[in-house]
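Copied over from TrEMBL, here are the features:
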{"type": "ACT_SITE", "residues": "95", "note": "active site, electrophile"}
{"type": "ACT_SITE", "residues": "167", "note": "active site, proton acceptor"}
{"type": "BINDING", "residues": "9, 10, 11, 173, 213, 234, 235", "note": "substrate binding site"}
{"type": "MOD_RES", "residues": "213", "note": "phosphoserine"}
Ligand SMILES: O=C[C@H](O)COP(=O)(O)O
């Protein structure tokens with residue numbers, strides 16, 4: 001059985017004291033269940049403090065982006081070496097907001113995914129279609145291309161360890177969730193693409209999350225779907241109580 005992975009993506013929210021308060025409220029309340037992984041992907045300035053505060057707890061800490069180079073003249077960027085050195089374990093790569101506002105491409109996603117594995121970080125790779133693409137029936141083809149290009153050149157064991165987040169862009173922060181059946185159909189397609197790229201065994205191991213207006217009220221139904229193994233959650237991950245409820249849902 002694949003474990004459930006519930007990851008909060010705080011995006012550009014909170015100040016340090018709020019981030020620390022969240023950790024203080026959540027760390028000792030998470031379910032003691034190996035079948036669910038709880039991750040919070042926070043802005044860079046909060047990472048050292050969150051890593052410190054979550055030590056020995058079930059809450060893992062992730063970054064929301066990184067550069068693919070180890071070091072160099074890249075003003076304003078953060079490298080995988082820096083994240084690893086801090087004790088960060090996960091990193092979101094290729095979120096649609098980075099693709100839209102910061103010129104992230106499948107090629108940079110691929111370089112970052114390789115860099116993550118080279119430094120012992122687990123990538124959470126985001127894919128998903130726009131409303132226009134969905135209406136033009138391009139959802140399956142678009143997500144397939146994003147997976148093939150984003151994961152190109154990985155060893156099979158690395159593909160197995162990759163977390164894929166399917167996030168239809170039109171469902172992010174809009175309150176519109178894909179129906180659980182529609183979300184599952186795309187996640188199943190993504191698993192099939194992984195199977196074509198690797199093997200049936202590897203495809204069965206890959207964790208595929210759904211993201212887009214997930215909240216405590218709708219997560220149960222999403223997680224009952226055959227190919228949805230967790231959630232990447234923005235807005236509803238910001239409050240400790242709501243995040244905790246989302247993680248609890250992963251235990252059922
Ligand atoms: O990374 C998270 C997604 O962009 C979803 O955000 P949301 O839960 O606020 O819709």
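Counting begins at 1 with the first residue displayed.
The backbone N, Cα and C atoms fix where each Cβ goes, and this holds for glycine too.
For the recorded site, residue 10 (substrate binding site), the DSSP three-state label reads coil. Ligand 1 lies under 6 Å from the Cβ of 9, 173, 213, 234, 235, out of the binding-site residues 9, 10, 173, 213, 234, 235.
Here the CA atom of residue 213 (substrate binding site) lies 10 Å from the CA atom of residue 167 (active site, proton acceptor).
Each of the recorded positions 11, 95 was scored by the number of other CB atoms within 10 A of its CB, and the lowest score belongs to 11. The residue listed as 'active site, electrophile' is 10 Å away from residue 11 (substrate binding site) when you measure Cα to Cα. In the three-state DSSP scheme, residue 167 (active site, proton acceptor) is classed as coil.
The substrate site is set by 9, 10, 11, 173, 213, 234, 235; from the centre of their CB atoms, other residues of the chain with a CB within 8 Å are 172, 233, 236, 237, 238. Within 10 Å of the C-beta of residue 9 (substrate binding site) we count 26 further C-beta atoms, all protein chains included. For residue 10 (substrate binding site), the number of other Cβ atoms no farther than 10 Å from its own Cβ, over all displayed protein chains, is 22. For residue 234 (substrate binding site), the same-chain residues 6+ apart in sequence whose C-beta sits under 8 angstroms from its C-beta are 8, 9, 10, 11, 172, 173, 211. Cβ environment of residue 213 (substrate binding site): 171, 172, 173, 174, 175, 176, 177, 235 lie under 8 Å away, each six or more residues apart in the same chain. Between the farthest pair of Cα atoms in the substrate binding residues (9, 10, 11, 173, 213, 234, 235), the distance is 14 Å. Counted over every protein chain shown, other Cβ atoms within 10 Å are most numerous around 235 among the binding-site residues 173, 235.
A simple way to gauge crowding: the CB of residue 167 (active site, proton acceptor) has 28 other CB atoms within 10 angstroms, across all the protein chains here.
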